[in-house]
Amino acid sequence: MIPQALLFVPLLIPSLCLGKFPIYTIPDKLGPWSPIDIHHLSCPNNLVVEDEGCTSLSGFSYMELKVGYISAMKVNGFTCTGVVTEAETYTNFVGYVTTTFKRKHFRPMPDACRAAHDWKIAGDPRYEDSLQNPYPDYHWLRTVKTTKESLVIISPSVADLDPYDKSLHSRVFPSGKCLGITVSSTYCPTNHDYTIWMPVEARLGTSCDIFTNSRGKKASKGGRTCGFVDERGLYKSLKGACKLKLCGVPGLRLMNGTWVSIQTSDDIKWCPPDQLVNLHDFHSDEIEHLVVEELIKKREGCLDALESIMTTKSVSFRRLSHLRKLVPGFGKAYTIFNNTLMEADAHYKSVRTWNEVIPSKGCLKVGGRCHPPVNGVFFNGIILGPDGNVLIPEMQSSLLQQHMELLESSVIPLMHPLADPSTVFKDGDEAEDFVEVHLPDVHKQVSDVDLGLPSWGKYLLMSAGALATLILAIFLITCCRRANRTKSTQRGHRESGGKVSVAPQNGKIISSWELYKSESETGM
């Protein structure tokens with residue numbers, strides 16, 4: 001039953017070139033018809049590995065996505081904000097103390113932030129102490145500033161990891177996106193100038209636990225790898241594959257949307273940005289199992305039809321429809337012309353809509369043109385009805401289309417949410433509502449003598465002091481001059497002595513002040 005199961009993935013591969021699932025296969029090239037015997041009929045071999053000529057199988061190990069892998073990978077992290085709490089204390093002349101608390105920010109260092117986070121997670125008692133405001137100090141007639149630098153740790157802060165480019169997405173990032181954590185850059189900037197985001201685990205690889213190791217068989221021909229048989233026995237071709245990294249792991253995105261870490265020496269181009277990877281979930285596996293069962297039934301139906309032909313020695317158009325090749329590639333086409341069994345080499349292609357096969361009434365499109373019927377008969381059981389319509393006896397199971405629709409709707413999305421900076425604090429005052437300080441570093445500054453006056457009061461006081469000093473200087477200078485004048489007068493009197501004479505009184509000359517005084521007293 002394994003060969004029948006191998007039909008599944010090859011059936012999907014060509015259809016995904018167009019991004020759709022095939023509902024039918026029709027020859028795009030049809031060789032000349034030649035009569036054959038009934039014993040030459042055979043069920044088609046739908047193994048792509050044989051179509052490509054890759055018959056050399058060798059065991060190898062590869063990685064693929066885990067079953068049940070969820071596209072939204074969450075990365076636990078935390079935010080770290082640098083906060084400076086300042087206590088300003090002033091003691092006035094009478095000893096009254098006034099304390100004012102202020103909060104500012106600074107840019108934190110990533111290493112210090114991770115150490116602070118470890119303190120908080122470990123429940124270190126120093127963390128509780130760091131939640132307090134700095135203890136204010138005071139000095140008489142002086143302003144004392146006491147500051148404490150703290151690292152605010154807010155956790156958890158969860159970001160989404162994009163596996164395609166390892167970018168991180170969160171509303172706290174500028175434009176909603178961070179290009180990821182690398183060896184040289186261990187943090188992401190945020191909408192707040194003094195806040196950074198860091199993952200709890202330094203290595204993002206721990207968040208990319210989406211792979212599983214598997215073993216399969218690599219199919220090659222002459223050193224060229226054509227495809228491989230996976231762990232479940234399904235063959236997957238490398239035709240149309242492109243290079244794609246998931247979480248930094250190099251691999252290939254196959255045309256059916258699956259991803260494997262297979263390495264090949266062939267020159268394969270990188271995938272364009274719109275090439276996504278299909279999820280590998282339980283629902284997909286369940287439908288895949290139903291599809292495989294359906295394909296096995298078709299294989300069994302082909303063998304039953306062939307057995308009936310061999311037993312009854314008769315062929316009908318309906319039975320020939322079972323011999324049609326179900327996957328694109330080289331095969332055979334059968335028909336009956338004039339009661340003669342005919343065979344032709346054909347190359348089948350997949351079609352998505354019936355309009356590709358029957359573009360107009362009575363037209364069966366083969367190789368870009370309407371194929372002419374012979375007596376109302378085309379090939380592979382396709383005939384022209386009495387009303388002129390083309391009648392195709394079979395079509396693919398609806399389960400196949402259901403499976404492809406599931407794959408197309410379940411892809412790993414590229415997440416580009418729009419960041420709303422207004423939802424994140426921008427001003428320093430808003431940060432006080434949710435900060436939790438950490439790692440205190442207390443500093444104290446003592447100012448010069450301060451009378452507690454405002455700036456204009458200080459200038460007024462200085463002007464008054466200068467004016468008082470000027471008045472005092474003038475007063476002192478004036479006093480000094482008067483004292484000097486008195487001293488000089490007295491010194492002159494002492495130097496003149498008895499030589500001093502006065503105007504005569506009553507015709508007498510008074511020789512001295514003492515004589516004048518004595519005479520005055522005698523006269524009295």
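Every residue number used here counts from 1 along the chain in the order it is shown.
Keep in mind that glycine also has a Cβ here, set from the backbone N, Cα and C atoms.
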Per Swiss-Prot, cysteine bonded by disulfide to CYS113 (from CYS54, CYS80): CYS80
Record feature N-linked glycosylation site (Swiss-Prot), assigned residue among ASN256, ASN484: ASN256
Per Swiss-Prot, the disulfide partner of CYS54, chosen from CYS208, CYS226, CYS242, CYS247: CYS226
Disulphide partner cysteine [Swiss-Prot] for CYS178, chosen from CYS188, CYS208: CYS188
Recorded disulfide partner - CYS271, candidates CYS242, CYS247, source Swiss-Prot: CYS242
Whichever of CYS208, CYS247, CYS302 is disulfide-bonded to CYS43 when Swiss-Prot is consulted: CYS302
Least surrounded among the disulfide-bonded residues, given as CYS43, CYS188, CYS302, CYS363, when other CB atoms within 10 Å are counted: CYS363
Between CYS302 (disulfide bond) and CYS54 (disulfide bond), the C-alpha gap once rounded to whole angstrom: 25
Candidates CYS54, CYS80, CYS242, CYS370, CYS480: member of the recorded positions with the richest Cβ shell (10 Å): CYS80
Residue with minimal Cβ packing [other Cβ atoms within 10 Å] among the disulfide-bonded residues CYS113, CYS178, CYS226, CYS247: CYS247
Shortest C-alpha distance to CYS113 (disulfide bond) - which of the disulfide-bonded residues CYS188, CYS242, CYS370: CYS188
Average model confidence [pLDDT] within the topological domain 'Intravirion' (481-524): 58
Rounded inter-Cα distance in Å - CYS242 (disulfide bond), CYS208 (disulfide bond): 21
